[in-house]
């Protein structure tokens, strides 16, 4: 193995790095100024479907205060994302945040970074140095090779960290193209043992972003690179969390929760598998057990896939058939399908 | 290279296999019985966003007739997907379909397959033998190793094809799990030179399905395996087509059309990048030129990414800024953003 085993850091009640389990992160996308009770529900649901760590953009002191209040109601570790103003970082640390992310490209003079490091050291919380090709410090902006530019930026930050004996750090090196992201993270992992937060930045809308992120992140994980992942999508946070889980699962690093095998639909069946899954989506992803669930349109592949699944549902004319471990359990009218299916799911969860 | 270079087959006006460009397929998901003018528009749009080949499930003679009518209005090659009844395959061939897909697990006796082969040979159209683990012939259903079961099924079909001197064939070996799919396709490519249609079957709903498909298909393409791809998703056909394009692009096999770099959003900006992209989604994917488009929330990464893009749009307070090749082109109210953006896109397309 040419890549270093990373050291461990602790983010709230979660350990990242070394032989810790790989964790999934996402970011809150709405303004904290408008935070509501419904938003809190959404965050609790994110935790329930597998989010390990949640990050918030904190653009000013007012939102730092709001975040401090939110933190009282949430178990999962929270991260404050700070740009431009180091004083907001200090405020969040004072308020008990679990981790700070700063962007070396825009936090300014070294003495500001030093103050943040000292405050974090006092509270024993880690800092992620989040390097993005879209917002590099001017010093590195002229390097035409994006991977090289990110690595130079990382090196410069590591020199500052080490000068102040701050080792409780993680790094990310994200580009919007796969190739630079891979190259930068591989070289980083050869040279340093800071835990790596993986992602492709500004990866795009759901479909395009998932393709880029899945390919890049899985390649790194399969090579032994990466400790925590964030799939960056121009879409809802829940999709980022589920994508993170699924990438870990595809790499053999996630064994909890459902694996959904489902029919793409074709003109053969009237059972709308797409609509059915949408109607039970959050319920499925809240399951903590390792279950295989088959949602199939018709008899071509339906019973075949269902025979291999813990729970299966297949269209059959105007009815649906529900399977348990490959055996027909019930045949009900399509409009009763959801209810019966959720009952069976509930049995498996208990 | 341990994998064979595949022979070429022709599907309508498209060549698949050997050194031909890799093509993207999808499948029509609604019943042909309900086919409308709106559906025809949707199909023309699929072609416009990059679909090369479109497949229809043809469960009976009535729908075979409807498909024959549809074919008169569409340039792109069409494929008839046949299960159980070989006579429907014969009817579609008679009606001028460009390719037939049959599933060896359910088409029945060898003499039926032979009749289909003869009819296809007479019209010089190819046949895809589509092997799925969910619907294997009973003979192979008891083999516990899914990859091995698919390969045995393929071998048996190839023996029949060769017995009747039919070489105008493609194959697919699809499982709902990545590992069996990879293993089966790798071994197939070591042994035979029939063009391969790649996919993970019943891959799941959009997010989970994209993760599985992207990882599996990109690994095969990067190893030199695969001639045409279909991303199977429990979602709309347009997502399958865009996913196919993006997988090819990530593997360096697609250079036409937009590469969208877009911000996932955070609490920092009021510009809703998600909504904005949704509002110009089809227009973006209809572009035939190789363009980089950046849709960014705010000034953190916005101008940085936009400087590298052909066209960029970034939120700036209640305004949006449109960039051309990194230079600010216009600053307009957010509600004029879409219109101005599409004007600039139009200029690039012309």
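Even glycines carry a Cβ here, placed using N, Cα and C.
It should be emphasised that the depicted structure is a prediction, and the values quoted were computed from it without experimental measurement.
In the three-state DSSP scheme, residue A:298 ([4Fe-4S] cluster binding site) is classed as coil. Non-local neighbourhood of residue A:298 ([4Fe-4S] cluster binding site): A:263, A:268, A:269, A:271, A:314, A:315, A:316, each in the same chain, at least six residues away, with C-beta under 8 Å from its C-beta. Per TrEMBL, the feature [4Fe-4S] cluster binding site maps to A:263, A:266, A:298, A:305.
Among the features that TrEMBL reports, domain 'IspG TIM-barrel' is placed at A:6-244.
Residues or ranges marked as domain 'IspG C-terminal' in TrEMBL: A:260-346.
Contact with chain B, taken as any Cβ pair under 8 Å, is found for the binding-site residues A:266, A:305 out of A:266, A:298, A:305. Candidate binding-site residues: A:263, A:266. Fewest other C-beta atoms within 10 angstroms, A:266. Around residue A:305 ([4Fe-4S] cluster binding site), taking its Cβ as the centre, 28 other Cβ atoms fall within 10 Å, counting all chains. DSSP assigns residue A:263 ([4Fe-4S] cluster binding site) to coil in the three-state reduction, outside any helix or strand.
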